Structures are given as structure tokens and as C-alpha cells.
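S.K.: As annotated in TrEMBL:
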type     : residues : note
REGION   : 66-88    : region 'Disordered'
TRANSMEM : 99-117   : transmembrane segment
DOMAIN   : 102-533  : domain 'Major facilitator superfamily (MFS) profile'
TRANSMEM : 147-169  : transmembrane segment
TRANSMEM : 203-224  : transmembrane segment
TRANSMEM : 236-257  : transmembrane segment
TRANSMEM : 263-285  : transmembrane segment
TRANSMEM : 347-371  : transmembrane segment
TRANSMEM : 411-431  : transmembrane segment
TRANSMEM : 443-467  : transmembrane segment
TRANSMEM : 479-499  : transmembrane segment
TRANSMEM : 505-526  : transmembrane segment
Amino acid sequence: MQSSTYAAVKGNAAFAFQRRSFFSNLVSRSATTTTGIRFKPLHSSASKAMGAKLARAENRIHSLSSVKARSGRAQASSGGGDEEEAIPLRSEGKSSGTVLPFVGVACLGAILFGYHLGVVNGALEYLAKDLGIADNAVLQGKCCFSYSWWIVSALLAGATVGSFTGGALADKFGRTRTFQLDAIPLAVGAFLCATAQSVQTMIVGRLLAGVGIGISSAIVPLYISEISPTEIRGALGSVNQLFICIGILAALIAGLPLAANPLWWRTMFGVAVIPSVLLAIGMGFSPESPRWLVQQGKLTQAEKAIKTLYGKEKVVELVRDLSNSGQGTSEPEAGWFDLFSSRYWKVVSVGAALFLFQQLAGINAVVYYSTSVFRSAGIESDVAASALVGASNVFGTAVASSLMDKMGRKSLLLTSFGGMALSMLLLSLSFTWKALAAYSGTLAVVGTVLYVLSFSLGAGPVPALLLPEIFASRIRAKAVALSLGMHWISNFVIGLYFLSVVTKFGISSVYLGFAGVCVLAVMYIAGNVVETKGRSLEEIELALTSGA
């Protein structure tokens, strides 16, 4: 965050923003938020039915013999579910394979996601001066406002396009090849930004980088969920969010030399070329998703991928299991409109609702006002404020990774949104309750840190992990892409109107409203979200599609 980005907090909510603060923080907050569109919620009875079916499915599957596993078929209900065999993709026992190096390669996409979102936060002022679009006379002028807006927003526009196309590319070319294609706009975009001699070139570079991170946002969690063994899928899936946070912190650290070297901003953008190239190279040696290969009928390649991921002793078992899981249907690949059919709408709406609650729960406000909040407590350094928020996010996400397969996704979501509601209430009271006036600065800092910690425990990492788990294999890639596309659209729209809402109602009232949203999220999750901990993607798919 820039110096003098925020004015000091006075009274209840006396915040004054310079235009530059809006653009800087538009990027930094969007790195930790996702969104969706408003859908009709499921009834609590539907959730209970899903949970019961899920439990029955797991018990029935574990009791099947190998003969029954080859011949059995999961019968969908009269509502029209997919008739797919629910065979768990487990790698129980000692395995000679490993998935960790390939998860690490995929997470280069997550690092680039966070880095490209955060890098402009520190560099905007310096690149604006270097490109001739800002000086003391026009810094507050419309021209600077317009160009700065485009430099920041071009990334979000590109990400919207990338997220919608990522699912289709992953279905057509496979997961690893899509990663390699994704490295092209990521690398070219970073290079154009680093070498830009005009605003137009800078905007084109940001647009291409946005396309790249939009694709990454869809395929990183998808690939990780499909190659991870059931027993550690939660921990590995949440690593995606952890590396996004690391990318944001890396961008913050990369901006430290700017004060001494104003041209350092070019190096900040240019360094992103390196992980982009490493991503393309690494995916050349990474195995394709066995699930995608089996769906394409490429059993020989699927055997090779399974041998690499889980060891040669698992090849026959897992190829048979994955083959059985797809033998019950000969339907063509799902189209975009299939996502809105009665057959899939229920589960798609649950996934999208989680992203909507995540976006409307207030992470934007916390990041926007974090610098002012910390200044009210005597912390004048913008870098220190940003570092504290970023460190809290990384720490909370790391804790979530260790708890994901112990507590479960639903429990973490409930704990997370509950903690966020209490933190928002504390923030609101710290600005309005006169009895707390003497401690308002300290309480605001505590509330901010607790909120970020609570967010990173569940609301941040869980939705992106949960989506690939609850979506049927036939719609998985496109459904994930749709939800993340809604994230970028809502991220953009909310960023445009957020400050107007704060100006009209005051930050304290807005915080109180966010607390109410968090409470609603707790109620919705309790009644509609099913637990997926310890269950294979095939088991989850059977329960949800048979309940359609």
C-alpha cells in the first residue's frame, strides 16, 4: 500500500480516500476474495437427505467386493441423476508414488495469481510517473484517474475472460496442457508490463496477465483435487490459497526497493516471467489427471499417470475403479447450459452461494480500511500494516491446511464465518461505542487481525477446494470456471460501488451489515452444505447426483 493512501480515522468513521488508494487496494483485496451470483438456497431437508445419502454411499461402497465393484452400477433417482459407479480413488497403504512435486508445480499458478494481483499495489505511483501519466499538476486530474483505473481494472477484465475459458480448455486439451497454454499470457503479459514505454502497452500487458490468472484460478484447484489422494485432498487443496497469499506477500516484499530506486517497478513486473516459464516446463513433466484421461478413453496414459502419482502397485486397481465410475453413462460432454438444468442446478447453486457469501462477508472493507485502522492505533507504516494483514492471512491458511482433513470443510466454514461475524461486530462497536473510545484503536486492530485469521481458516480456502469436490465429473471443469467467472465479475462490480455505500451509510454501519451477512452464511452452511472430508470424488458425486 502507498504512503498517504488513507486519512486517519476520526470519530465514528471519518475516512478520506485519495483516488490512488482505491486502485491500490482494489487489487490487494481482490487477491483474497472470490464471489458468485445469487441463487435460490436449498432447504435444510435437502441437505440432510444429501448427507444421509453420502453416508449410505460410503458404507455401501466399502462393503462391495471386487466383483461387485466391476459389475455394480449406482442407480440414480427418478429425478434424473447420473448413473455413475461410486468407486473411491484411494491410495491406502504404502505407495511408491507421490503427488507433492506436481502439486508444487501447479501452485506456481497460484503464486502468480497472488503476485499479479498484488504487484501493482506498490508500483502504481512509480509506473504512473515513469510513463508520464502523473505529476504534481495532474495527479488528481481525470486523465490520471482514467489511466490508473485501466491499469488496475484491465487485470480484472482479463481474469474474467480467462476464468470462463479455463474450464473449456481443461476439458478439451487436458489439465497439464492447459497449464502450459496458460503460461503464454502470464509470461507475455509480465514481459510487456516490464518493458512498457506507453500506457497502452501497459494495459495490454495487464490484460494478458489477467487472462492468465483467470485460467489459473480455475485449473489450479481442479488439477490438485483430481490428483490428490482422498485422505490428504483437503490439506493439498487448501495449499492453493496458501500460495496465493504467499504470492501477495512476495509482491509486497518485491516493492521494498522502490523508495530508493523508482525504476524498480519494471523489475517487479519482469520477475513474474520466471515462474511462468517454470510452470510451462514443470507441467511438461507432470502427469495428466487420471480422471480426465479415463474420461477420454486414454487408458494406457491413465495407467502411466497413476504409476507416477500412486505407484505401480495401484495401477490395476485404480484404472479399474475409474473405468467403472464412468461406465454407467454414455452422455456427451456437458455444455454450459447443462449447468442450469434441474439435474445440476441444486449443487451448482450451493457452490455459487458459498462464493457469494465469501464476497459479501466484508473482506473488501477490512483490506480497504486496514491502513487507517492501524494508524488509529499508532502504526504509521503502510508496509507494516499490509505485512501484518498478509502475515495473518498466511498463518491462518497454513493452520487451515493442517485442519482441513481433521475438522472437515463444513466445520471450518461454520467456525470461519462465526469468527468473522464476531470480528465485524467488534470493529463496528470500536467505532461507535463511546465507552470503548479510549481503546478504539487497539480494539480495531484486534478486530481486523481476528477477522483476517477467521477468513483464512475457512471462508478463504474452503470454497475453491469444495467446488471440485461437489461437482460431478461431467460438469466439474465448467462449473468451477463458471463460479470463478462470477467471482471476477462481482469483484469488479463491488469494487466500483463499495466506496459509495461507505460514504452514504458510514463504515460502522457497513461493518454491522457484514456481520449480519456472516450470520446468514452460518445458517445457510449449516442447512445446505454437506461434509466431504474423507470421501472420494466418486462417492460425493454418487450422493449428490442421486439426490438430484
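Each residue, glycine too, has its Cβ placed from N, Cα and C.
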S.K.: Output the single range from 203-224, 236-257, 263-285, 479-499, 505-526 maximising the number of Cβ pairs under 8 Å to the transmembrane segment (147-169).
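M.R.: Ranking 203-224, 236-257, 263-285, 479-499, 505-526 by Cβ pairs under 8 Å to the transmembrane segment (147-169) puts 203-224 first.
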S.K.: The transmembrane segment (236-257): which same-chain residues, six or more beyond its ends, come within Cβ distance under 8 Å?
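M.R.: Residues 28, 31-32, 99-100, 103, 107, 110-119, 121-123, 220-221, 224-225, 228, 264, 267-268, 271, 383, 386-387, 390-391, 393-394, 397-398, 400-401, 404, 456, 460-462, 464-465, 468.
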S.K.: Counting Cβ pairs closer than 8 Å, which of 203-224, 263-285, 411-431 has the most of them with the transmembrane segment (505-526)?
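M.R.: Ranking 203-224, 263-285, 411-431 by Cβ pairs under 8 Å to the transmembrane segment (505-526) puts 411-431 first.
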S.K.: For the transmembrane segment (203-224), find every same-chain residue at least 6 residues outside the stretch whose CB is under 8 Å from a CB in it, and list them.
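M.R.: Answer is 103, 106-107, 109-110, 112-113, 116-117, 120, 150-152, 154-167, 169-170, 175-176, 178-179, 181-186, 188-194, 196, 236-237, 239-240, 269, 272, 276, 289, 464-465, 467-468, 476-477, 480-481, 484-485, 487-488.
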S.K.: Let me know the model's mean pLDDT on the domain 'Major facilitator superfamily (MFS) profile' (102-533).
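M.R.: Computed over the domain 'Major facilitator superfamily (MFS) profile' (102-533), the mean pLDDT is 82 on the 0 to 100 scale.
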